[in-house]
Amino acid sequence: MSASSVELEKIRNIGIMAHIDAGKTTTTERILLYTGVNRTVGEVHEGAATMDWMEQEKERGITITSAATTCWWKGAKINIIDTPGHVDFTIEVERSLRVLDGAVAVFDGVAGVEPQSETVWRQADKHNVPRLCFVNKMDRMGADFYRCAEMLVSKLSANPVILQLPIGVSESFVGVVDLVKMQAIYWQGDDFGAKFEYREIPADLAEQAALYREKLMEKIAETDDKFMDKYFGGEEISEEEIRAAIRAGTIGYHFVPVLCGSAFKNKGVQPLLDAVVDYLPSPVDTKDIIGENEKGEEINIKPDPKAPFVGLAFKVMNDPYVGSLTFVRIYSGTLNSGDVVINSHGDNKERIGRMLLMHANSREDVKSETAGNIVALAGLKNTSTGDTLCASGKVLTLERISAPDPVIEIAVEPKSTAEQEKMALAVARLCAEDPSLKVASNEETGQTLLRGMGELHLEIILDRLKREFNVNVNVGDPQVAYRETITQSYEIDYTHKKQTGGAGQFARVKMLFEPYDDGEFLFESKITGGAIPKEYIPGVEKGLVSVKNKGLLANYPIIGFKVTLMDGAFHDVDSSVLAFEIAARDAFKEAAKKLGLKIMEPLMRVEIVTPEEYTGTVIGDLNSRRGKIAEMEAKGNARVISGVVPLSRMFGYVNDLRSSTQGRASYSMEFKEYAKMPDHIAAELVDKRVAN
């Protein structure tokens, strides 16, 4: 079946998202097996999974970049984005969800709703993505489907509607009860679960199945008046009517269908595929995308293949065989190989060359794609993640994909000067692929600084420098991205005057500095009556920014302050933009003593799951790291400890936690906020920075 011949109603753009180790990559592998894309099965723990195609992913058994793949099921075209579950890679999840119409949230049947599950769920909420839940690993000891369903309510505030019940638990898990058909589905044999059969519901589950069927029908009735009248009126309701009502409720965000299975044991995946086709939205079921035209007016963009082309570049990556690949979601119109399109963010033209449908690390050439589809474009020169591509003559801009600020940095330098240029090119390529990776230069040492979302994130980047680009680097210890801020308001009237032979320099500025909680930095000019000519005012802001970027206390960037230019004076001959830049810069430095400068540190939200007997040890250790415990709850024989800890005290924590709990505890961590560092610790940090 050719890609472009598929009707819009038959397209499903879905993401598979979950906590690390919940089994989403294995689930995707089974989907590819049953839809005929894979002939053999790749296992994550063997390092052979198709979707995990980067070397680092194969070694670590985690999914790092969203690999896109296309498959077909029952006449529907399914574009799948396999998203990472590690918190260091939330930018991958964020940008994937931005371009998807629906999602499958995979949960570990033993662990239930884990911290990263909450993070990706919040991201899906933010983008209004309808979703299904798949409770995986039902074959594992301790798996509890019903507890998982309860956690969807208590942890995620979801409204689950249960469509299946498990038959058997842990090793005796053999199938599911389908509450829509009211039949049991059994998998057996050594054919990787390809064959299954419908039977009568087992007698010992009949009563429970009837109870949950009633709950299902009542949940649907709450969201559909016609259905309610029929159901409570005792009329017969067909399977098709039930499915249509579940679809409407899912797409309308009224509830979340819940299914179960064991991807690793090849059970429950085909009904999950059926549910993707039956219940998740097509591009025509979602809200229109909003764009802006050149006048700044909002425009509704409909998924019409005959309208002018509009697409969003949601991912740029380097393919070892094809080179640069840009993944684009087509929101409107048709894109053909050979077309010339406009990148509305840089106003550059791009010629469309090879167009590819991707299957993890293999590819299929196509000549044309229409609205609703996801396609990879080879060789675009000037397009980055978040850019809008559109037809020339109809320039529109879509909202960009926002990357979080980095919280950790490392210094890198090439092992030989001959590799300096090679490293710079490699780093530039990696930054184009990954908006959450930032690069800067240490002006004092000349070293390149890589800034990212966590230790694992930067480890992977260093690994890729070596493997993909053959760049060997020396690496410094990880450093926390501290900030400075002001805590007191102060007004300064400062004059910069310099007279040497010939023209001199003159600029006077009167400025008010004050704390500002609503953002990083705000500059405002209240100059009236020509006290300072308009063309000199950008010089004032430039001088302030130069100090802001370098810091005053310990050379960390300054955030959270506002400067108002109140008044000033100029000289007809001696004033210039440069003179006002110097005046503002020196005034800022002069005011420093009065601004109550403080050091800010990144705080991390931490969640630790530990066996009960190590609870005291774990809490004591967190307290010693200046952590604050927010809550603690029981989860079976384990304890879940949530708290907030400074990032500076969390380096190498995974090894300390393993040794103190004999490897039985696990943790996750994500950035929470910047907060003022205690004065005595800040003083030590400042002394150390000044000494160096």
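Heads up, the Cβ atoms here are built off N, Cα and C, so glycines get one too.
Taken from Swiss-Prot, the feature domain 'tr-type G' covers 9-284.
The GTP binding site annotation in Swiss-Prot covers 18-25, 82-86, 136-139 and rests on sequence analysis. Reduced to three states, the DSSP call for Asp21 (GTP binding site) is coil.
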Average pLDDT across the domain 'tr-type G' (9-284), rounded to a whole number: 83
Statement: Around the Cβ of Ala18 (GTP binding site), other Cβ atoms found within 10 Å total 29
- request: Reduce the DSSP letter at Met138 (GTP binding site) to three states and note it down.
  value: coil
